[in-house]
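Encoded as structure tokens, the structure appears first; notes follow it.
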Amino acid sequence: MAASKPVEAPGAGGTAGLSRWQLALVLGAPILLGAGAIYLWGRRTARRGKGASERKTPEGRASPGPGSEGGSGQPDGPRHEEMSPLGRAQAAKNKGNKYFKAGKYELAIQCYTEAISLCPPEKNLDLSTFYQNRAAAYEQLQKWTEVAQDCTKAVELNPKYVKALFRRAKAHEKLDNKKECLEDVTAVCILEAFQNQQSMLLADKVLKLLGKEKAKEKYKNREPLMPSPQFIKSYFSSFTDDIISQPLLKGEKSDEDKDKEGEASEVKENSGYLRAKQYMEEENYDKIISESTKEIEAKGKYMAEALLLRATFYLLIGNASAAKPDLDQVISMEDANVKLRANALIKRGSMYMQQQQPVMSTQDFNMAADIDPQNADVYHHRGQLKILLDQIEEAVEDFDECIRLRPNSALAQAQKCFALYRQAYTGSNALTVQGAMKGFEDVIKKFPKCAEGYALYAQALTDQQQFGKADEMYDKCIDLEPDNATTYVHKGLLQLQWKQDLDKGLELISKAIEIDNKCDFAYETMGTIEVQRGNLDKAIEMFNKAINLAKSEMEMAHLYSLCDAAYAQTEVAKKYGLKPPTL
């Protein structure tokens, strides 16, 4: 399946069964957007330098302004002022600085309070410094409410006061005010041109926490959503030994129906499972869970098959908690067909990996190999797991075993080639990279109708900045699978990196949505591009559409992080007139 939409459903061959965070590992960074789980300011590389040191102490003067940073970051020393009101305020502040350096924070607070009371109200920058210094002393005493209050005063006096904003962000984090923390740290990131590692890390941390918090609430109340028919067919095509995805057998259809070409056949037996299989052939997927349930409740002849089919569709609609008991039951049925049990183990193992439980995932794949050692699917899917765990040599061994059992498995050969490429690429070995690239050529020559081979080759070519040839490979994918929405998204991203052609890129991504209006990857990608164009309201709209289509809580959390980052930028723009650079 070429460049198929990342999915949180159980593991599938190629990209069809991989979540977006998995794709970031298996397929490398999406073309424009970094590692696939980009946060919205990630297009700039955070450089470690003078801006990366931790900011614990108060300042002598507000920022910006002459002398704003002070070489050491410590409170300012005495300044030569006349004993005017401002001079007396500065003297009190300097005395407070000495107490601060000595660790006498209560005394420092008294001095900074005196400085605030003495300072003429029109001296905004000086007054903001005094509040900032007092906030730093409160911070040492872990009085977070007071820290936030004093930083707010400092920012009111000097709206672009970076250290006051960052100190307030940290106080909000301690007070569990995530939204306020995110807005402050977003302002800091923009003011620092995304160059300070410390503020970038705090932004990333808060976005993830907010995303998880919102996704947990939203996901438990979400309405199940059936993926598009194209997506479902792509998913099932990734299995070769999956009994439940096979067409109805001749004996399961009536003789009369066998003669009715072009009409849906009716099953001979009064079986919920066989009716569910008939609905699969008709692409009437919404009825499959209910028909499978009838077979299960009747304890019918096909109970094991019905359990596995129902579990699979639970996974496809993003209901892993409902799928797990069915998978558990199939796995424990020792008298069931071994291929059913192995398939259930593959799907449960993939589910565990998507839930970031690699140990349990590995156990399930190993058990599948033990009970059905001649099942090519086991090795193919376990090979993908090994790639995710960065166990490339073991992954290649599994792909080799899959190919031994099923020599015409184009998908396994393409995945093996990509695993070898990633190993060479991350090791910066030019010769082995060249060998891996030749391997791709061999795969597409041997299997010219394997869209996945072209898609993976295109990813590698993009890594190597061979954009023209990568574009040709995506065109091959589209020729073979014109209804694959995700290929259009990747080709659109390529136009942005290769030619900086925003119009063409967005045209292709819009085409993806036209093909599959449930392609959350397309909505997410378009949202991220709109952020970089400065169209934040449009970006938020796109992210919300993707959120409503998310198939797992983890995927939803990621999308909420993107949406929250965009929203925070809109709030910062309103409050401070700050906007990041745009494309």
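Each residue, glycine too, has its Cβ placed from N, Cα and C.
Unlike curated records, TrEMBL annotations are generated automatically.
Marked as transmembrane segment by TrEMBL: 20-41.
Sequence annotations record features per position, and here TrEMBL assigns region 'Disordered' to 48-90.
Residues or ranges marked as repeat 'TPR' by TrEMBL: 89-122 (among others). Predicted-model confidence for the repeat 'TPR' (89-122) is 97, expressed as mean pLDDT.
According to TrEMBL, the feature repeat 'TPR' maps to 342-375 (among others).
The repeat 'TPR' annotation in TrEMBL covers 376-409 (among others).
Annotated repeat 'TPR' per TrEMBL: 451-484 (among others), in sequence order. With DSSP states grouped into helix (H, G, I), strand (E, B) and coil, the repeat 'TPR' (451-484) comes out at 27 helix, 0 strand, 7 coil.
The feature repeat 'TPR' is assigned by TrEMBL to 520-553 (among others). When DSSP labels each residue, the repeat 'TPR' (520-553) comes out as 29 helix, 0 strand, 5 coil, counted as helix, strand and coil in that order.
Helix, strand and coil residue tallies for the repeat 'TPR' (376-409), in that order: 27 helix, 0 strand, 7 coil [DSSP].
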